[in-house]
Amino acid sequence: MDATTSGTSSIHYHNITDQPITAIVAAPVSTFQRSQRHCFGDSTPGEFPLAANPSVVLHVLTACNLDPQDLAKLEATCSFFRQPANFPPDHGLSISELAALDMCQKRAIFKPMTPEEREHLKQRCGGSWKLVLRFLVAGEACCRREKSQAIAGPGHSIAVTSKGAVYSFGSNSSGQLGHGTTEEEWRPRQIRSLQGIRIIQAAAGPGRTMLISDAGRVYAFGKDSFGEAEYGVQGTNLVTTPQLVESLKSVFVVQAAIGNFFTAVLSREGRVYTFSWGSDGKLGHQTEPNDVEPHPLLGALENIPVVQIAAGYCYLLALACQPSGMSVYSVGCGLGGKLGHGSRTDEKYPRLIEQFQLLNLQPVVVAAGAWHAAVVGRDGRVCTWGWGRYGCLGHGNEECESVPKVVESLSKVKAVHVATGDYTTFVVSDEGDVYSFGCGESASLGHNAAAAADAQGNRHANVLSPELVTSLKEVNERVVQISLTNSIYWNAHTFALTESGKLYAFGAGDKGQLGIELVNNQTERGNPEPVEIDLS
């Protein structure tokens with residue numbers, strides 16, 4: 001059974017033949033007699049001790065938090081691990097399956113599920129608790145669920161602490177900060193109306209914000225309209241404080257993604273729902289453009305669990321978890337080749353991006369920029385594709401790529417995270433180093449003034465190949481997340497979150513979206529500056 005992991009190294013096992021130890025002992029037995037010690041119940045020396053006390057083995061497997069792939073290798077190594085263990089709650093499960101179930105039960109998203117919901121998830125994942133465990137671990141790894149995060153939205157920003165408190169700052173013309181007003185905030189301010197509600201995920205779009213609680217509820221505020229008019233005209237209604245999205249009450253949501261003209265949400269079972277496509281092209285379901293009711297995404301992903309979604313300009317990417325491995329599907333507008341299928345045609349239903357199989361790459365993180373996309377593989381390779389304007393693909397040119405292509409200049413870097421914006425891309429390595437490339441406007445790439453200047457002295461020079469963001473090296477701490485503005489209508493700003501929960505900001509800050517006071521008519525910051533907020 002192939003069960004991939006979240007990126008940790010696998011344990012290597014030697015083959016153990018299914019025979020008693022006495023059969024492989026060649027040396028003669030000493031005539032010196034010892035009294036037998038029954039350390040394992042009624043077992044006698046020479047018996048395989050694992051079989052003598054399987055409950056101890058189960059405890060060790062669970063406590064060690066073995067990866068699903070390692071549990072699968074144990075089953076392939078020795079029949080003891082795949083035989084029925086005769087333990088509750090299911091006496092027919094093997095030791096490895098029980099260990100996987102125990103580790104699933106530790107997950108916050110899994111705990112509140114009913115037995116029927118758990119069994120349904122198991123069947124959806126392929127009929128194995130090891131595959132369910134892989135599905136849950138993969139979602140935690142790529143979405144930072146239950147951890148602190150910062151979202152650089154179009155003109156406004158959202159920060160979520162590890163305890164679930166939410167801070168917002170920046171542009172607020174539509175009430176997208178959630179404070180009950182439409183006044184800008186230049187410093188992080190906590191959304192007080194959410195006290196008592198633990199938030200685990202956030203999404204920010206033009207003039208709107210969505211928050212997801214640990215109970216799977218979705219709260220939204222800001223503009224309630226979708227479509228092109230939102231960028232120049234106010235919506236029909238403004239919601240200035242977080243309001244429960246009633247149409248999603250029947251769905252336990254774990255992630256939201258706000259794209260241009262539509263919104264998508266992901267359920268804990270791995271189902272994708274979309275609404276408000278806002279144009280003649282229907283996104284995976286036949287509804288009216290102004291339909292604000294969520295509808296399941298039809299097509300290839302109806303029976304395949306998804307662990308992460310990413311939304312760009314009129315398109316959606318989905319990271320799916322199948323028994324054969326991880327894969328990426330795309331749907332929507334194909335302009336610039338951003339769907340990754342080798343053409344620029346639109347796709348009304350999700351379609352598998354086949355190039356990753358040819359590259360022998362297992363995707364673990366996916367990011368959707370406005371016009372380009374990126375993926376991090378389990379082996380640390382980075383692939384980009386789409387419109388390569390300003391060098392945002394990192395291939396040393398501005399050419400378009402209609403299928404995923406490995407960024408060769410990062411071949412010596414093991415990536416663990418990637419973030420994409422309008423025409424910019426950031427990559428975080430396993431050592432916490434950060435690389436950026438693409439459009440240099442608004443100083444959002446993080447390269448200091450001297451390093452970013454081109455031959456003509458333009459410090460907003462574009463970067464065609466990945467360059468180390470040396471200004472973030474100076475914070476002397478490991479970076480774990482990057483977030484940057486993903487909108488063609490706003491100047492970009494960028495957040496870097498460190499392992500200890502410190503937040504650094506740079507780029508455009510004319511609306512207060514950096515959380516830092518700008519002086520002397522400044523509109524941006526070229527170097528990372530600490531934001532006065534503790535997200536730990």
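Cβ coordinates come from backbone N, Cα and C, glycine included.
Marked as domain 'RCC1-like' by TrEMBL: 148-483.
Per TrEMBL, repeat 'RCC1' is recorded for 164-215 (among others). Note: the repeat 'RCC1' (164-215) comprises 3 helix, 24 strand, 25 coil (DSSP; helix = H, G, I, strand = E, B).
For 216-269 (among others), the entry in TrEMBL reads repeat 'RCC1'.
As annotated by TrEMBL, repeat 'RCC1' applies to 270-322 (among others).
The residues of the repeat 'RCC1' (326-379), classed with DSSP into helix (H, G, I), strand (E, B) and coil, number 7 helix, 25 strand, 22 coil. The repeat 'RCC1' annotation in TrEMBL covers 326-379 (among others).
Taken as a whole, the repeat 'RCC1' (380-431) shows an average pLDDT of 96 in this prediction. Summarising the annotation, TrEMBL assigns repeat 'RCC1' to 380-431 (among others).
Residues or ranges marked as repeat 'RCC1' in TrEMBL: 432-500 (among others).
Long-range contacts of the repeat 'RCC1' (501-536) within the same chain, counting only residues at least 6 positions beyond its ends with a Cβ under 8 Å from a Cβ of the stretch, are 148-150, 152-153, 155-157, 159-162, 167, 169-171, 184-188, 442-444, 446-449, 452, 459, 471-472, 475, 477, 484-485, 490-495. As annotated by TrEMBL, repeat 'RCC1' applies to 501-536 (among others).
According to DSSP, the repeat 'RCC1' (432-500) comprises 11 helix, 23 strand, 35 coil.
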